[in-house]
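According to Swiss-Prot, the feature repeat 'LRR 1' maps to 59-82. For 85-108, the entry in Swiss-Prot reads repeat 'LRR 2', with the evidence type sequence analysis. The repeat 'LRR 3' annotation in Swiss-Prot covers 109-132. Feature annotation from Swiss-Prot assigns repeat 'LRR 4' to 134-155. The repeat 'LRR 5' annotation in Swiss-Prot covers 158-181. Here Swiss-Prot flags 182-203 as repeat 'LRR 6'. For 204-226, the entry in Swiss-Prot reads repeat 'LRR 7', with the evidence type sequence analysis. As annotated by Swiss-Prot, repeat 'LRR 8' applies to 252-276. The annotation repeat 'LRR 9' is assigned in Swiss-Prot to 277-300. Marked as signal peptide by Swiss-Prot: 1-17.
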């Protein structure tokens with residue numbers, strides 16, 4: 001049984017224990033598990049101790065280490081190795097002043113699943129930065145990163161999918177870099193960066209992608225090719241967005257939710273823009289500049305359930321049956337029923 005699965009089992013059947021002697025300035029909380037408390041894991045909180053805290057010695061059974069808010073400027077392999085680091089699953093290095101990591105910085109943390117490097121001063125990510133870990137959650141938000149190579153997120157064991165947060169950096173380029181296996185990224189947050197176009201993420205098994213608050217001006221026909229697994233796409237708060245090309249979403253056959261809200265300079269949408277969105281259930285166009293939708297929009301959106309529109313208008317799809325016809329029987333027709341805070345809104349005002 002994998003270590004993480006065993007620990008999860010113990011967490012379900014365990015009870016909280018007490019504290020133990022800890023590194024000066026740190027706090028150690030022990031969780032005891034098992035029928036006779038025969039197994040324990042320790043959470044070590046060394047936040048706000050100061051830069052002298054590293055290297056910090058930690059108990060052998062440490063699963064969580066918090067080194068946030070310590071004004072740390074560098075962190076390396078020697079700091080994150082030794083007794084106690086073998087079982088480490090969660091490491092918090094947020095709110096420091098770390099300017100650089102290397103491909104070997106986290107190489108000894110073979111069971112690391114969650115890493116928080118947010119609110120630091122990182123500018124680059126070396127290829128294979130996290131290669132030897134078992135990461136499922138990686139937070140790199142609010143740094144100074146400008147360019148990102150996809151190879152930085154390749155793991156030696158590719159079986160587990162990752163959630164990666166790169167929000168609020170200065171990213172203007174995402175490139176393929178060295179030949180490595182495509183990283184297994186499930187969710188990618190890129191909001192609040194400097195991307196002028198949708199990056200090439202071809203082949204990455206993404207299900208969630210957030211590109212909000214970037215200076216994108218146009219969605220191209222090829223922008224989302226190779227992202228057939230995508231189910232949630234957010235393109236909100238794009239002040240420069242003026243055009244979505246026809247067939248831009250044609251490869252997104254699994255997409256369930258599309259957010260195009262708060263795009264005031266997006267004035268119109270063609271019916272061909274919705275081509276291929278057979279699974280789409282929710283479309284958000286709230287506070288956009290689009291005055292009306294194509295009349296035949298529902299032909300391209302057979303699974304649509306709701307459209308959010310204008311300032312606070314929501315349209316729900318329903319099936320309406322006409323009067324019985326001698327030859328055709330009852331004819332079923334899909335229609336939109338719309339309402340706002342004041343009540344019903346005629347669908348013809350929207351279509």
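Even glycines carry a Cβ here, placed using N, Cα and C.
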Residue distribution over DSSP helix, strand and coil in the repeat 'LRR 4' (134-155): 4 helix, 6 strand, 12 coil
For the repeat 'LRR 3' (109-132), distant same-chain residues with Cβ under 8 A (at least six beyond the ends): 3-4, 68, 80, 85-103, 138-149, 151-156, 165, 177-178, 180
Tertiary contacts of the repeat 'LRR 9' (277-300) (same chain, 6+ residues out, Cβ under 8 Å): 236, 249, 252-271, 306-312, 317, 334, 336, 350-351
Same-chain residues at least 6 beyond the ends of the repeat 'LRR 5' (158-181) whose Cβ lies under 8 Å from its Cβ atoms: 118, 127-128, 134-152, 187-196, 199-201, 205, 210
Helix-strand-coil residue split for the repeat 'LRR 5' (158-181), DSSP-based: 0 helix, 7 strand, 17 coil
